[in-house]
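> Grabbed the feature section from TrEMBL, which reads as follows:
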- Asp30: active site (ACT_SITE)
- Asn78: active site, proton acceptor (ACT_SITE)
- Asp30, Glu217: Mg(2+) binding site (BINDING)
- 31-35, Arg43, His47, 75-77, Trp79, Arg81, Arg198, 204-206: substrate binding site (BINDING)
Amino acid sequence: MDIFKNNNNIIFKEEIKKKELPNHIAIIMDGNGRWAKKRFLPRTAGHREGVKRVMDTVEECGNLGIKYLTLYAFSTENWSRPKDEIDYLMKLLVEFLRKKLQKIHNNNVRINILGDISRLDKNIVEEIEYAIDLTKNNTKLELNIALNYGGRDEILRASKLLYEDIKNNRVSINDINEEEFKKYLYTGNQPDPDILIRTSGEKRLSNFLNYQIAYTEFFFIDENWPEFYPDKLHRVIYDFQNRNRRFGGI
Ligand code: IPE
Ligand code: IPE
Ligand code: MG
């Protein structure tokens with residue numbers, strides 16, 4: 001059975017290289033808590049295991065030649081979790097940046113943050129700003145980390161920024177169309193996601209990239225995030241390449 005599975009994985013990885021790859025993959029990394037609960041471990045153990053899949057996914061996207069990867073790390077709604085869990089998540093983020101930044105940088109990956117990080121502790125903001133600055137000229141893969149991110153918050157923020165620009169005569173309201181408006185989002189000039197993956201079997205958006213995913217292909221995976229090994233990513237890309245995107249046409 002395992003041999004069969006492995007063979008399939010190799011096939012998927014080889015097959016996807018033959019066709020056009022998606023430009024931008026976005027992931028709602030869900031199910032860390034349930035992964036831990038199943039193993040009678042604390043939720044924090046699930047988050048820690050989840051960070052390993054983050055690194056695997058970043059590396060595999062780089063290897064495949066994906067240009068943009070957006071990972072949902074912490075939502076504007078996640079502040080409603082117990083303080084201990086929030087603190088642990090922030091601790092993991094700092095640990096991730098300290099331990100993996102050099103490797104990420106060596107892999108020519110650029111780190112961007114989507115979300116309002118001003119609410120985070122000063123030391124965390126400093127770590128993040130250092131990572132953004134260090135990697136700012138990297139060109140292989142753009143890694144967007146959505147942190148204190150909410151899709152509605154992003155649209156509201158964009159509207160306010162646009163209002164300021166109109167008020168100060170930096171832009172004319174007549175020149176604002178969908179493409180111009182998008183530049184005010186955290187994702188700026190980046191292309192919209194081609195693929196949205198959500199792990200753990202939940203089938204909802206949870207306030208992620210509301211504006212950008214108008215024509216994104218959705219993939220709901222039953223496995224929890226700590227089980228999302230690169231073979232799952234290959235399978236999603238393979239399925240994506242065999243879908244028929246019409247964008248309203250025929
Ligand atoms: C996703 O896993 C990680 C974050 C939201 C930070 P969860 O912590 O939501 O895990 P479940 O959904 O409770 O299993
Ligand atoms: C979405 O997962 C947020 C992240 C993965 C960071 P949640 O677990 O917070 O979403 P809900 O509460 O199940 O909708
Ligand atoms: Mg969850």
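Including glycine, each Cβ sits where the backbone N, Cα and C put it.
TrEMBL: automatically predicted annotations, no manual curation.
The model shown is predicted, which means the values in this text are computed figures rather than measured ones.
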> Cβ under 6 Å from ligand 2: which of the recorded positions Asp30, Gly33, Thr76, Trp79, Glu217 qualify?
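The recorded positions passing the 6 Å Cβ test are Asp30.
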> Of Trp35, Thr76, Arg198, Glu217, listed as binding-site residues, which ones have a Cβ less than 6 Å away from ligand 1?
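Correct list: empty, so none.
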> At the Cα level, what's the spacing in Å between Thr76 (substrate binding site) and the residue listed as 'active site', rounded?
15
> Can you tell me the CA-to-CA distance separating Gly33 (substrate binding site) and Glu217 (Mg(2+) binding site), as a whole number of Å?
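Each residue's Cα considered, Gly33 (substrate binding site) and Glu217 (Mg(2+) binding site) end up 26 Å apart.
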> Which recorded positions from the set Asn78, Trp79, Arg198, Leu205, Glu217 come within 10 angstroms of the residue listed as 'active site', judged by C-alpha positions?
Arg198
> Tell me which of the recorded positions Asp30, Glu217 sits in the most Cβ-dense spot, judged by other Cβ atoms within 10 Å.
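Max Cβ neighbours within 10 Å, all protein chains included: Asp30.
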> Of Asp30, Trp35, His47, Thr76, Trp79, Arg198, which recorded positions come close to ligand 3, meaning Cβ under 6 Å from one of its atoms?
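List returned for ligand 3: Asp30.
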> So among Trp35, His47, Arg198, all listed as binding-site residues, which is physically nearest to Glu217 (Mg(2+) binding site)? Use the C-alpha atoms.
Arg198
> At a 10 Å cut-off from the C-beta of Asn78 (active site, proton acceptor), count the other C-beta atoms across all protein chains.
17
